[in-house]
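Swiss-Prot annotations:
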- HIS143: active site, proton donor/acceptor (ACT_SITE)
- LYS147: active site, proton donor (ACT_SITE)
- GLY8, GLY9, SER10, GLY11, ARG12, VAL13, GLY87, THR88, THR89, ALA111, THR112, ASN113, MET114: NAD(+) binding site (BINDING)
- HIS144, GLY153, THR154: (S)-2,3,4,5-tetrahydrodipicolinate binding site (BINDING)
Amino acid sequence: MLNVGIYGGSGRVGSLLIKNLQHDEVARVSVVHVLKGIELAVPGATVTNDIDTLIQKSDVIIDFTLPEGTESLLERLLEHPKPLVSGTTGLNKHQQNLMQTLAQKTPVLYATNMSLGIALLKRLVAVTSEKLRDFDIEIVEMHHRYKKDAPSGTALTLAEFAAKARGLDLEKVRVSGRDGNIGERSKEEIGVFALRGGDIVGRHTVGFYNDGEYIELNHTATSRDTFAKGAIKAAKWLVSQEPGFYTIDDCLGL
């Protein structure tokens, strides 16, 4: 059996990872990391707030936490490498660099969204962006009121695919807010906007707008189970890979 360590076991996705692995025929939860003060019982698994224990008892680690939590994990993994699947969004440049450095020692799979639908949507966005160069691009994402980072990592990934398809630098063309007398919209800019409310799991709309017509590509997640199942699939695939940095597209063969 593949021993899976869950980093962030008390979180929304972490709890679903535990549930989905309970009856898995290939992998099992061997250890769960939670913050100090949090009590959690997982039959057959060690529950700890020590990162080193998590690493020691895992064949592969799945991480769905916050950027600062992921940073702490990466720092310890650089000393004791183990395959890592991470879905934490909102990572800064330093944290991204730590992940890239770890990938030189062990296989690392990072994805801002683990769903098959989003993996395919990225491809559709790239093709549409390239073919419809005269169309304005606007991206709107909706999530629950508790999500801390904005825009979502998935929205930024979709924007990156759209920008690259047109040979643009996203950092130079992204607009994430409009207010006041700002003048006309430039042809190259890509709008990325975030809505927050209720218990929305996740909805992303990428719109391509022109005079007289428009196309909108939508993806709606109705359950976080899709993220948990995608991460488990990724973990099973990752353990047989060579050291390197991978995405969910690699796992799915896209």
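Every residue, even glycine, has its Cβ placed from backbone N, Cα and C.
Since this is a predicted model, take the numbers as computed values, not measurements.
Recorded features from Swiss-Prot, shown on the structure.
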| residue | record | DSSP class |
| --- | --- | --- |
| SER10 | NAD(+) binding site | coil |
| GLY87 | NAD(+) binding site | coil |
| THR112 | NAD(+) binding site | coil |
| HIS143 | active site, proton donor/acceptor | strand |
| GLY153 | (S)-2,3,4,5-tetrahydrodipicolinate binding site | helix |
Query = Near the Cβ of HIS144 ((S)-2,3,4,5-tetrahydrodipicolinate binding site), how many other Cβ atoms are there if near means within 10 Å?
reply = 14
Query = Distance between the residue listed as 'active site, proton donor/acceptor' and THR154 ((S)-2,3,4,5-tetrahydrodipicolinate binding site) at the Cα atoms, whole Å?
reply = 11
Inquiry  = Please give me the CB contact count at 10 A for the residue listed as 'active site, proton donor/acceptor', counting all chains in the structure.
reply    = 25
Note = For GLY153 ((S)-2,3,4,5-tetrahydrodipicolinate binding site), the close recorded positions (Cα within 10 Å) drawn from GLY8, SER10, ARG12, MET114, LYS147 turn out to be none
Query = In whole Å, how far is GLY8 (NAD(+) binding site) from THR154 ((S)-2,3,4,5-tetrahydrodipicolinate binding site) when you measure between their Cα atoms?
reply = 20
Request  = Could you tally the C-beta atoms, other than its own, that fall within 10 angstroms of the C-beta of ARG12 (NAD(+) binding site)?
outcome  = 14
Ask   = Considering all pairs of residues in GLY8, GLY9, SER10, GLY11, ARG12, VAL13, GLY87, THR88, THR89, ALA111, THR112, ASN113, MET114, annotated in the record as contacting NAD(+), what is the maximal C-alpha distance expressed in whole angstrom?
value = 20
Message = Among the binding-site residues GLY8, GLY153, which residue has the fewest other Cβ atoms within 10 Å of its own Cβ?
response = GLY153
Task = Just name the most isolated of the binding-site residues SER10, THR89, THR112, going by other Cβ atoms within 10 Å of its Cβ.
result = SER10
Inquiry  = Same chain, not part of HIS144, GLY153, THR154: whose C-beta falls within 8 angstroms of the C-beta centre of the (S)-2,3,4,5-tetrahydrodipicolinate site? Give them in sequence order.
reply    = THR89, THR112, ASN113, GLU141, HIS143, LYS147, ASP149, SER152, ALA155, GLY202
Ask   = Going along the chain, which residues six or more apart from GLY87 (NAD(+) binding site) have their CB under 8 A from its CB?
value = VAL13, ILE62, ASP63, PHE64, TYR110, ALA111, THR112, ASN113, MET114, PHE227, ALA231
Remark   = Out of MET114, LYS147, THR154, the listed recorded positions, fewest other Cβ atoms within 10 Å surround the Cβ of LYS147
